[in-house]
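According to TrEMBL:
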ACT_SITE  Cys364  active site, proton donor
DOMAIN    47-295  domain 'Orn/DAP/Arg decarboxylase 2 N-terminal'
MOD_RES   Lys71  N6-(pyridoxal phosphate)lysine
Amino acid sequence: MSAPTVTYRETVAAFGTAGGQLTVGGVPVERLAQRVGATPFFAYDRALITRRVQLLRENLPQQVQLSYAVKANPMPAVVQHLATLVDSLDVASALEMGTALDTPMPPSRVSFAGPGKTEAEILQAVAAGVTLEMESATEARRVVRAGERLGVRPRAAIRVNPDFQIKGSGMRMGGGPQQFGVDVEQVPALLAELAAADVELLGFHVFAGSQNLSAEILAEAQRRTVDLVLSLAGRTPWPVRYVNLGGGFGIPYFDKDSPLDLPAVGANLADLMTERLEPNLPDARVVLELGRYLVGEAGVYVTRVVDRKVSRGRTYLVVDGGLHHQLAASGNFGQVIRRNYPLAVANRMDEAPGEEVTVVGCLCTPLDLLGDKVLLPPAEVGDLVAIFQAGAYGLTASPTAFLGHPHPAEVLV
Ligand SMILES: *Cc1c(COP(=O)(O)O)cnc(C)c1O
């Protein structure tokens, strides 16, 4: 077992510590646990989210707008906070749309993506005045019909499944056969079909994949996306006013991960803006759509040790949380090889690591493993174990009903 990694040290430094305790939003975790009234809980640090948006603004060209992909963390308070910081919100369900519409963000700056949008959802979205990212010809026809029924001109964009694939993404969502978007070779026929329809076609959306830590690969994806959009723009009878370049910015989860080189991504985007997009599509609002990069590192999942036991030489810490709240940390959310998320004994931050322990959750399944053979300060029953990188795809990406334990609280501090 190795010493604490750079990712771990930087994560802890970002949250801060006081009196040997991890702090979130400046509040020591034990105090926060008392305030919440129970463990486990998710705590999100408002200032870290703000700082992350500032970092992006400093490194990306100012003409590039930022959209928050709400599915990464749909807690209403988080979405409210981000609505004051970013330029638009991207939702992928009617519930998320409702959360977004409750914020000060104007409906015209809310976009609705995702496959399988039903007629009912599309009616709601058209009535709300949000932009529909159409994922298929069927959806496009539903959008047109909804507009006719409501007497409202729908705002829409075509999500395009590109003819290239992005390497190095945790989850690939473009290239090859996909349930996402309209294959680029089918877009001209759809444009022809929609030419006479009463729909405000704003532009195109391409999202090739998620969780990429390589600036080089992201830059190449953005170049190819711009090429693709420019080739399609030549076939539209209307000026393109919206180009959503996707996102895919990854965050470091594991020991060997290095953070994304944001200045390099920004430099490439600046070139694309000045050389390709601004001269050819002067009316286009260019958008990057980010989820985990905005919120992932701003959250911790805080659990309490309820048992400590030694089994045939291995020490186990059993905590009151588990994969039912934070599936990704158990390695069961899209990972090929299970690795430990960074974690800490949150009330012993000043103590040196002194023993190797295995941290498990309270579910009666061997899958509920949160830290396999990690080096931690010796911990007792009653101590707090915090799991980092829990701000995105945590609670809402976990099987909360599995085994029927109580639902955790979420706080934005
Ligand atoms: C999920 C999703 C995102 C966000 O992905 P992250 O990896 O969290 O940044 C962005 N756009 C679309 C279309 C998505 O489905």
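Heads up, the Cβ atoms here are built off N, Cα and C, so glycines get one too.
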Least Cβ-crowded entry, counting other Cβ within 10 Å, from the recorded positions listed as Lys71, Cys364: Cys364
Residue pair the residue listed as 'N6-(pyridoxal phosphate)lysine', Cys364 (active site, proton donor) - Cα distance, angstrom, rounded: 28
Structural state of the residue listed as 'N6-(pyridoxal phosphate)lysine', classified by DSSP into three states: helix
Average pLDDT across the domain 'Orn/DAP/Arg decarboxylase 2 N-terminal' (47-295), rounded to a whole number: 96
